[in-house]
Structures are given as structure tokens and as C-alpha cells.
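Novice: In case it's useful when we look at the structure, here is the feature table from Swiss-Prot:
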type	residues	note
ACT_SITE	E120	active site, proton donor/acceptor
BINDING	C79	substrate binding site
BINDING	H97, H99, H171	Zn(2+) binding site
Amino acid sequence: MGEAAELICTLCKQFYHLNWCTGTGGGISIRERNGESDVAYIAPSGVQKELMRPEDLFVMDLIKGDYLSIPRGLKPSACTPLFLACYKKRNSGAVIHTHSQNAVMCSLLFDKEFKISNIEQIKAMPNHGYYDTLTIPIIENMAHEDELIDQLNDVLDKYSQDTVAVIVRRHGIFVWGPSIEKCKIYNEAIDYLLELALKMHQYNIPLP
């Protein structure tokens, strides 16, 4: 299946042990572009992420919109339309979706946006420095993940290219980036900042 498929399985296992992708939740998609080829590898629905194998992945031709590989007995991720929207509207190279408890908790404390500034880790985000304010939009959860598409499209249309994530209230977070390496960095940095914000709230420290 290739390097992208192996990497998705490796990362899903790592994310499982971080409690980001437990109980079959969450998913990852990686895009591979080579000449005229434009292909996405997508983690399936309902598979324990720590046990996932490369042959479990769906492979889609992004130019034609057709599946090149459909694993037997598995269902496509309900996140697929959301992954595709990030590829189309942000020219992303990868998308990570987790059920991070830090994201869920922050979604209960903040209204329409999560904001934080004057924290060193913000430098990990694109075009952000120590004094800049990181803003992550928060959208409302729906019964099915594919029903989030309209809200996600609104975020992708209204927010700047420097916005690389959206929190889904009571659900988790989607993070995208130009490559899986960058996407992973953004995801880790954001989760750090979300956790820090929760601790600051616990100790009544105002967010800068």
C-alpha cells in the first residue's frame, strides 16, 4: 500500500496511546501527489486504531473522486467529506481527526472560538509568533460526522489560511496541514495549548 498507509497506521497507534483515538474514534488521511496522480489514503470507520493495518485503508483518486482500493468488510469513514473539503479548499497534504479530551473540554468552556496568546508553543503554528493570538473556531456537533460539512466549509471560507484546525463541540478536533509532518506538529502544539488553557482556567489564571 505504500509509505503513506504505513504512516497512518503508525500514527493511529501512537494517537491511541495518547487517548486521542480510542474506541475506534478519530482518523487520519494523507494525500500523495506524484505528477498527474493525486491520491488520498483514508483510515476506515469502525476499526480499532491501534490494530489497523495498511490493507484496511481506503484509497481514493482525488481527481476522479473514485475509490482505487476498498477493503473488504470495512466502511468508509464518515469524515471522508471533511477530509476532502480540506484538500480542496486548503490544498492540504494531510488531515488528522482526534477525540482529544482537551479539545472536548475546551469546547465546553469557550463559545464560538478558542483564543490564546503569549505562550511560546504558539510559534509552532503557521505565521504565528509569541505575541500573536491563536484563534481556533468551534462548530457544533451533529449526529453524524458527514453532517458537519456545511459548518466546516463556512470555517474554510471565512477564516484565513493560517487557521489550520476546527474544534467540534463535545466531539473532538480536525487539524490540517501541507504535509503529514506539519499536520502532526500542529495537532501536537494545539493539544498542548488546549491542555494549558484548561489548567489556567482551573487555577483562575486569565488567558493572555
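Each Cβ is built from the backbone N, Cα and C atoms, and glycine gets one as well.
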Novice: Taking the Cβ of H99 (Zn(2+) binding site) as centre, how many other Cβ atoms lie within 10 Å?
Specialist: 20
Novice: So of H97, H171, which of the binding-site residues has the fewest other Cβ atoms within 10 Å around its own Cβ?
Specialist: H171
Novice: Near E120 (active site, proton donor/acceptor), how many other Cβ atoms are within 10 Å of its Cβ?
Specialist: 8
Novice: Provide, as an integer number of angstrom, the distance between the C-alpha atoms of H97 (Zn(2+) binding site) and E120 (active site, proton donor/acceptor).
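Specialist: Cα to Cα, H97 (Zn(2+) binding site) and E120 (active site, proton donor/acceptor) are separated by 24 Å.
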Novice: Are there any residues at least 6 positions away along the chain from C79 (substrate binding site) with a Cβ closer than 8 Å to its Cβ? List them or say none.
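Specialist: For C79 (substrate binding site), the qualifying residues are G27, S29, I42, V95, H97, E145, D146, F174.
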Novice: Using Cα coordinates, what distance in whole Å links H99 (Zn(2+) binding site) and the residue listed as 'active site, proton donor/acceptor'?
Specialist: 25
Novice: List, in sequence order, the residues of the same chain other than H97, H99, H171 whose Cβ lies within 8 Å of the centroid of the Cβ atoms of the recorded Zn(2+) site.
Specialist: G25, G26, T98, S100, A103, E145, V168, G172, I173, F174
Novice: Between H171 (Zn(2+) binding site) and E120 (active site, proton donor/acceptor), how far is it from one CA atom to the other, in Å?
Specialist: 27
Novice: So, three-state DSSP: helix, strand or coil for H97 (Zn(2+) binding site)?
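Specialist: In three-state terms, H97 (Zn(2+) binding site) counts as strand.
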